[in-house]
Structure formats: structure tokens, C-alpha cells
Amino acid sequence: MHYKNISCWHTNMLATMKLSNILVTCNLNNLQVLRSNHKMSTSARSHKIQPKNLAFNIRSKHQNYNSLGGHLAQRLVQIGVSDVFSVPGDFNLALLDHLVAEPQLNLIGCCNELNAGYAADGYARSRSVGACVVTFTVGGLSIMNAIAGAYSEDLPVICIVGGPNSNDYGANNRILHHSIGLADFSQELKCFQQITCQQVVVNNLDNAQEQIDGAIAAALEHSKPVYISISCNLPGLSHPSFLRNPLPFSLPVRLSNTVELELAVETAAEFLNKAVKPILLAGPKLRSAKATEAFHELSNASGYSVAIMPTAKGLVLENHPRFIGTYWGTISTPYCNETVELADAYLIAGPVFNDYINVGHSLLLKEERAIIVQPHSVRIGKGPTFRFVEMKDFLVALAKRIKHNTTSHENYERMYMADDGGHPLIMRSSWSSGDEIMMKKEALRVNVVYGHLEKMLSSNTTMIADTGVSWFSCQKLKLPQGCGFEVQMHYGSIGWSVGASLGYAQAASPNNRVIACIGDGSFQMGAQEVSTMLRCGQNSIIFLINNGGYTIEEVIHEGSYNVIKNWNYTALVDAINNGEHKCWTTKVSCEEELVEAMKMATEEKREYCLCFIEVLVHKDDTSKELVEFCLRTSLFTSRSPTYIL
């Protein structure tokens, strides 16, 4: 689809557009942006450094809103981006000048391109869109891993690359620096074609507006990253299509085919109403389909037990009266696995099934019992697939047609038996004298750490779980209403959590505090981005789980390569801070030290302080869920060839 409906020449036209998480009301003489979910003016972030205090945020003489760079900056602001993560390079410097010149944009310089991409990923999880800017090839290829992760997680990230001078395109035998030594420098573009939903190379002004607007629209429509390369000599140039106050473009509204929708709802209602013990299962694509509220409406109307896939944690209210936990095959929340797999019908909204989610493809779900609802289609059992049916429309309509049935939850309650194995020792007490409860000073255990961590969660916190050990322990946490939760489980890139924590915290409201659980191996890949967190005045609480290496890899396959050099992590963070910002660090090795550290991190005087807590645990201290997962993953990945030549 082409986005050519930008009326640049009608000076009195009024347009209203709902884009992602903002409502834009635009008159060419009076542009106003109203954020519906994130009322986040720069001045509102009292605990974060203001743009003028960051190195890149100087006011530039290039503040020309008729330029290509000014147009791009305005478009980013209009779709809800107020922070752009970047790494400067000679091909993007002129473009950065124009982003800096936009008063409503904050340009955040990151330590490397990969972390800038992870930060844009985290930002998109909070704001529904993120943006990053890097330089030609050396920057573009460095950021690709993060963009691939955003693609797998259905996150709209605008990846902007400063490209070669427009005169160098088509120039015979002209080899550029930052290239791979060939006159053809399209390698970066070809790579991004595999991990973005649209790619544009802007090397002339005549169609630049259409290319930029079309790519941004594609990212928002498909909830996927896009690639925009802009020649380094164009950002400051003007063109008639770049108005000072451009009308926002209109995204095509996806509408369900009414006939298909009615057939899908009628067939699904009949399918579910004749079932004895149906259940609901939430998947990660609820986010990209913007259907979480519709799912809640269905769960309230149905009476069914409600479970989540591990990648959907945080999308469903866990205080729902019929919430039964995480369905993850043999490592599910206790009794959730039995309830789901014994159901005679299950509606699964927005699933992604891979070998991680399937625990080595060991799930016992049966196709003939399943209604699979994807963002734009519905499949019922082994029967028909209804296309051009929007998930939100389907769930809302179905909620009005199904019979209330609590049988599956009644069965779950008959089986359920509370297990206090994960409760902190302080709650169970090793021994007591009179009314005084004492604690033994013994080495910390992982389940004790997360038992205490759960008590820190509130509607004003967001938990970010690192790839690896934290996956399994954080799935056990009971999230209070309003508490966010983020994990990158489908792509599973070790190192993602540091940059993602930076991006999410920057996008979050001033009252929301990020709590990140990061393994030592992951932290070593992105530790330098703590300096960016400090420069931005962020107040995240980072729990560094120091268990001496890549524990999840070690359980999958033992090897000396899974052991890493131990760092003095608290000293490292103190050195990065260099006494310049609000930062507090500590190291804990027993339960009472952990409890005291958590208390201090949440004190009022550290409300706007970055807190870093290094938690020392034994290298073999793992959960039974991790062991089960790793054993099944190992069996799956080590299968013998079906034939040998």
C-alpha cells in the first residue's frame, strides 16, 4: 500500500489520527500532540537529566523544519518518540544535528550500536515504537542483532542509518570507507531485507517524503522494524514536500470482513459451548494485536481458567480470580499443565510456538481441540481458517456469544495444593526464640532471592528478566495489577537486558521504576550502558546475579567455555559513575544482607538513584524448571541426522 494521502497543499485542513499510543490533532497553523497513554513531556521527567544537559543535546543552527532532517524529526515526535538512541559516525552527523534541533526530541548517545538497538527495543515495549540512528555499514551491521530480536518480538523499531553521499550511488569503481572494499555498497541493505518489514534508501529529495512516511507507517501497521538509509548530504536540504507543519499521514485502519467475522464467531461459540471444560491461553501476539483488553473481556465473560504462555507474562492480569499461571509444558506453574492439557477445548490467543516455548516440542496440546486466534485470522480445530478477522473484533464478539462455564477452574481448584518451596527463609524461619524470629547467616539460594524480590513489585514497577536463569525464576513471580514484565524469550539474545532496561526506563512514566534481573554473563556483554543510564538520570534497580558464568548453557552442555572471568561488579559500576551521578551499589551473599539491601534501595532518598545490587549465589544453584528445560532442549538440539551419507 502506498501512503500518498498527505495533503501538503490544503492550508485549512484539519486531521485527527490515532497513531500507536498517541492522538494527533493537526491543523497546519496549529499542531498539537496529545499522548493518550504516556503523558511524558520532557519537563515531567523530574528525575531524569533534561535534554540540554546531555552531550548531544545542544541547540543547532540547522533548526530548519523545511529540511529532510527536520521532517524526519517531526514525524518521530508525531508517532510518540521523544528519545532516539544513537551512535555518531561521519555518515550520520548532519542528520544528528537536525534531530538535536527538534525541541521535543532527546538524542541519547549509547556506547555501541548493539546496545542502542536493544535500547530501542526496550523503548518500543513501553511506548509502542522506538527509534535508533547509526552510521553506514559499521554501525548498521553492528545493530543488526538487536533489530532481528525486535523483529522476532513484533516491535516497531525505526532503524535509521546515515548512508553514503547521494553522488556515490551508481558511481563506477568508487570504493568508500566503512564498506567491505567493493564499489557495490548494498550489502547492508540486503542484510536488513531479512529482518525488517520495509527498507528504503533515501538518496534523492523528490520521493524522500513518501519513502520516510511509508516506512514509518509500515512499522506501525505491521509492528515490525523498518530500515531507513539517508544519504549524508541530504538532511539539511529543503523540498516543497517538507512543510514546516506537515499533516500527519493516515494509517489504513484494518477492518474485519464482517461475513468472515460472523462465521468465525458463530463457529467458535458452537465449538466452545459444547465443550465440558474449556480454557483460555494467552500468547505474546496479544501485544501487537492490541487485544489485551478484549482478552480480559472474554476471560470475564467465559468463566474459563486463564493461563499464559511464558512469553505473554505481564499481558494478562494475574489477580484475575481464575488465573492459573504459566503454561510451559512440563515446567508449567503447578497444576496449570494438567488443567490445560486435560481441557477438551482451548482458545489460544496470539501464540508463537517454538522449541523454547514447547520445551523441545513436548507439549501435549491437540490440534482438534484448539481455536488459534492470530492478529488477523482464526483457525478452529482441524477445520476452517477464517481470514481478514481482527483478533480484537473476534474476542469482543465471542465474549457476547459464549456460555459461562467454570468447570475447568473447579477441576484446577480440586488439584491445587500450595507449595511453599519458593518462600524466603525469613518467612519460614530457621529457628526462633520467644517472639523473636532469627535467621541463619547462610549462603543465598536463588529461590530465596526471588521470593524476596516478589515483595518489591507493585503497580509502579516493571520487571525485566534477563535471558537465561532469570526466565525461570521470574515466571514464578506473582505480578500485582499494573506491574509490567518484559522478557525476550523467542529470540533469546544474551546481553539484551542491559540495553533494554535503558530503553524501557527512558520511555516509562516518572512513577514507574524498572527492576532488572541480569546474569553476570549477560552483564559483561553490555555493562558499559550503565554509564548511559547514569547520564540519563535513571533510577532502575539492577540485581546482578553472579553465579560465575553461563549457567543455562552449562546445564545444556558442560564445557569450560561456559565459565567466565569474575569481575568486581560493584567496583566497576562505581568506576563508571566516577562520583558524578546518583548511584548506589552493594554486594550481598546472605539473606539478611539481601533484605537490608532491598530496604535501602527502596528508601525515599534513593527514589531517584540508580541502585546496583550484586547477588552472590552458587554456580550450581538452579531451579528444577531450568534443569528440565535444559535437558529437553539438549535432547532436541542433539538429535541424530535422519540419514548419514
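Any Cβ shown, glycine's included, is placed from N, Cα and C.
Values in this document were obtained by computation on a predicted structure and should not be read as measured data.
Taking the domain 'Thiamine pyrophosphate enzyme N-terminal TPP-binding' (69-173) as a whole, pLDDT averages 95 in the prediction. Taken from TrEMBL, the feature domain 'Thiamine pyrophosphate enzyme N-terminal TPP-binding' covers 69-173.
The domain 'Thiamine pyrophosphate enzyme central' annotation in TrEMBL covers 265-383.
Marked as domain 'Thiamine pyrophosphate enzyme TPP-binding' by TrEMBL: 489-606.
The Mg(2+) binding site annotation in TrEMBL covers D520, N547, G549.
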List of residues, in chain order, with Cβ under 8 A from that of D520 (Mg(2+) binding site) and at least 6 apart: L544, I545, N546, N547, G548, G549, I564, N566, W567, Y569
Neighbour count (Cβ, 10 Å) for N547 (Mg(2+) binding site): 21
Secondary structure content, the domain 'Thiamine pyrophosphate enzyme N-terminal TPP-binding' (69-173) (per DSSP, counts of residues): 52 helix, 21 strand, 32 coil
